[in-house]
Amino acid sequence: MTLSQPDLSQKSSVEQSQPLSSSRLTAWYRPTFSPEHGVYVILLVSFLTGAAAAQHWTLATTLALICAFAGFQAEHPFVLQIKQRRSWKPRFLLWGGVYSGIALGLAAYLYLQTPQLLWLYVGAIVAFGMDAISVFYRQQKSIANELLTFAAVCLAAPLAYMATTGTWTVTLLGLWGLNTLFFSSAIFTVKLRKPKTASLHPALLYHSIATVMVGVLWYSGWLSAIAALSFGIVLLKFGLILGWQDWYRTAPIQRVALLETSSALLFLAIVSISLLPAKL
């Protein structure tokens, strides 16, 4: 290189570093969103069954939906931060704090309107804490933790009802239990796609126990007959999976998601019909 030739390599390296540094700055402001698309379906369907039980939609219902969504989104960045172990990621802390702030603020407002919501909040916080512990010990995908997580998400059903009506009824336990048992089926069917967890025994055992539990909820008067029969969708889906195991194990995940979403929407339709008043 002569004196008459500028150091183009230095200039290009500086120019290249500028977009890199700017992208790192903008990363701070990029919101985090949970990639668990199936949980969005569970959250929305559970919430809508609760709203159907309330039989009307108010401002409090909308706020409860935002609260539930923000609470679910808050879990994702905190889980990512826990997985970092010793390093701190400002983006995860920032958006975890933003989502938590929205959820807690709306939860506090709804609590002032309906103090009975405190019990739901306690359940959700306990589930979040246990999920965090499971993540720390790398047990997030264990069956026990996934059952706990699905049960916590399905609290959206009683949340919608209580926020809308300001009251509590024992049949909400039946509605919450039905949602939890219905959606938890996917925990066992999806594991059939993985060689390490492809055994049919856990899935057969779960669906047998879940069917009995739905029957108990109906017999106790916590579920109507039509609502209880909606669990038959899960049994039908499981039967189809058993009949076409080879297809199910190798099918693209998009088709599996379509199967789960379709069954969830059919479940929502039947449960909503079962919750209609005797006279319109």
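Each position is counted from 1, following the chain as shown.
Cβ from N, Cα, C; glycine included.
Unlike curated records, TrEMBL annotations are generated automatically.
For reference, TrEMBL has these:
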TRANSMEM  39-72  transmembrane segment
TRANSMEM  92-112  transmembrane segment
TRANSMEM  118-137  transmembrane segment
TRANSMEM  144-162  transmembrane segment
TRANSMEM  168-188  transmembrane segment
TRANSMEM  200-219  transmembrane segment
TRANSMEM  225-244  transmembrane segment
TRANSMEM  256-276  transmembrane segment
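Only pairs six or more apart in sequence are counted, and the transmembrane segment (168-188) with the transmembrane segment (118-137) gives fewer than three Cβ pairs under 8 Å, not enough to call it a contact.
Per-stretch counts of Cβ pairs under 8 Å to the transmembrane segment (225-244) identify 256-276 as the leading one among 92-112, 118-137, 144-162, 200-219, 256-276. Ranking 92-112, 118-137, 256-276 by CB pairs under 8 A with the transmembrane segment (39-72) puts 92-112 at the top. Residues 37-38, 41-42, 45, 48-49, 52-53, 55, 175, 178, 182-183, 186, 190, 193, 224-227, 229-230, 233-234, 237, 248 of the same chain sit 6 or more residues outside the transmembrane segment (256-276) yet have a Cβ under 8 Å from a Cβ within it.
Same-chain residues lying 6+ beyond the ends of the transmembrane segment (144-162) with a Cβ under 8 Å from its Cβ atoms: 39, 42-43, 46-51, 53-54, 61, 64-65, 67-68, 72, 114, 116-117, 120, 123-124, 127-128, 130-131, 134, 168-169, 172-173, 175-176, 179-180, 183-184, 187.
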